[in-house]
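For reference, TrEMBL has these:
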- 8-119: domain 'Longin' (DOMAIN)
- 189-209: transmembrane segment (TRANSMEM)
- 229-248: transmembrane segment (TRANSMEM)
- 255-272: transmembrane segment (TRANSMEM)
Amino acid sequence: MSMILSASVVRVRDGLPLSASTDYDQSTGMQECRKYFKMLSKKLSQLPDRCTLKTGQYNINFISSLGVSYMMLCTENYPSVLAFCFLDELQKEFITTYNMMKTNTAIRPYCFIEFDNFIQRTKQRYNNTRSLSTKMNLADMQTEIKLRPPYQISVSELGSANGFSHISVGEYKGTGKISAAPHQRLEPVTLPGIVSFVLSLLCGALNLIRGFHAIESLLQNEGEDFSYVIAFFLGTAACLYQCYLFVYHTGWRNAKSFLTFGLICLCNMYLYELRNLWQLFFHVTVGAFSTLQIHLRQPQGKSPDYNV
């Protein structure tokens, strides 16, 4: 029979159980799954925000948001879409009902045990799918899960000597092991950010044009220094790379932006004889402004209305 068996709310930071449904099943399989619940609770901070653990005839699914994780145990044939809809409904109700400050400062287990009443009512509705009254947009949920499927945790990973120490969020992209950093969304673009992006492109174009002129001058006059050509093209590359760093999230993004700005400064110092003070000031100022905007545009955090 396809059904949800139990659910719990756990604090991500330290695995403190905040609330849980009352379970009466004392079978061997359920006892084993409770052990998995405890093991997962201790490693939530190291895991992606959406995961599934398949343990034979049972599945454990959970989502994490704003420092709280919502976990549920269901039979293996329970639809994944309904499972994550169930967790999403628990999340929205918990965030609406309880102050996050109280959640973060809780010191005793099950201090929000009264939330079990909502868990039990919701579980009953989801276990009777024919009379499920909630009008859920299953199409959106199915699309979301297809685009970003939950990370599949294996039982062998649970039983490793170091737990989940070898699982990193950087490896999470659905069920594959592709770095998630480049795919992580950044905060919305601001007007200063757009200005910095356009100015960086302008500086890159100016460097590129001057570089081609330097090549023409080099061909006409054999005594010209080829290193000026290199400096112009390095300046172009640095400006374009600042544009890339502003648009995409990569590893060590801030460090790369400072190194790129340093390269822009070095190139302009070398080109001191070919540019006046205003031109040097313009290029260095745009480089500094772009570096600041890269630093200010950070990866998006999960919002309270985050959907699974």
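Glycine is no exception: its Cβ is also placed from the backbone N, Cα and C atoms.
Counted with DSSP, the domain 'Longin' (8-119) comes out as 48 helix, 29 strand, 35 coil. Summarised as a single figure, the pLDDT of the domain 'Longin' (8-119) averages 85. Note on the transmembrane segment (229-248): residues 182, 186, 193, 196-197, 200-201, 203-205, 207-208, 210-211, 214-215, 218, 256-257, 260-261, 263-264, 267-268, 270-271, 283, 286-287, 290-291, 293-294, 297 of its chain, located 6 or more positions outside it, place their CB under 8 angstroms from a CB of the stretch.
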